[in-house]
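Presented below is the structure to which this report refers.
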Amino acid sequence: MPELPEVETTRRGLAPHVEQRRVQSVLLRRPALRWPIPAEVSALLPGQRIDAVRRRAKYLLLDTDAGSALLHLGMSGSLRVLPAQTAATTHDHVDIALDSGHVLRFNDPRRFGSLLWQPPGETHELLQGLGPEPLSDDFDGDYLFARSRGRSAPVKTFLMDQRIVVGVGNIYAAEALFAAGISPLRAAGRVSRERYGLLADAVKAILAHAITRGGTTLRDFLSPDGAPGYFEQELSAYGRGGEPCPRCGRPLKQAWLGQRATVWCGHCQR
Ligand SMILES: [Zn+2]
């Protein structure tokens, strides 16, 4: 499943091929993905110049004067820039043809992705009420400390709450808590300011590292074969329940927190 680093890598890969290009046509091979594709996409996007490709949380926005196309990769989606004559395959659902002779093609086997529309000057309801970007200066230990006071929810649940900070999924939450030495089960309101500083730094470092590694896949955005793969993870905790802790060698614990498997070291994480 594409996480924030994959979405950011997608943005960086697409931007040079898409920004400042004019949309010639939009081809929808089905009327809906996860949600119906709004009429504005077909009606307003053709003829518009794409001024910027932006990311907010795990959404990509193609900004034009008429509004922004809002894309989400869902569980299995990917975006490629291909020569316009490239034959479509089974799960190629949307083509946005550009004046460069290329198409921006959205492929999504499981169809949990989405293509929506945001009018100029408005914020789509899916983007309202979101917390700060984890790589921005608004996200730091002081912020987490302030937002967590009085909260009894486990710190891992708190960290994965999109209203607190966007884009920290199960994998990155587990890894950041391991790096910071904080038990995922500890009440969010019972973590000190200093330790939230370590946690915020760990989140930033882990996401930035994943984005850097994703840079090696950017060349794939212009090749019709070999879809841009989701990154292989170098993981210390996530998915490693029962294996030795990479730090102390004791077996990692595993429990369910809500619907999510949670792995941690009972010795190194308090
Ligand atoms: Zn350990």
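Note: Cβ is positioned from N, Cα and C throughout, glycine not excepted.
Of the residues His72, His91, His124, TrEMBL puts just one in the DNA site with Arg110, Arg151: His91.
When the alpha carbons of His91 (DNA binding site) and Glu3 (active site, proton donor) are compared, the span between them is 20 angstrom. Long-range neighbours of the domain 'FPG-type' (236-270) within the same chain, counting only residues 6 or more positions beyond its ends whose Cβ lies under 8 Å from a Cβ of the stretch, are 154, 156-157, 160, 170-171, 174-175, 177-179, 181-186. Cβ crowding, taken as the number of other Cβ atoms within 10 Å, peaks at Pro2 among the active-site residues Pro2, Arg260. In the structure shown, across all protein chains, Arg151 is the one of the binding-site residues Arg110, Arg151 with the greatest number of other Cβ atoms within 10 Å.
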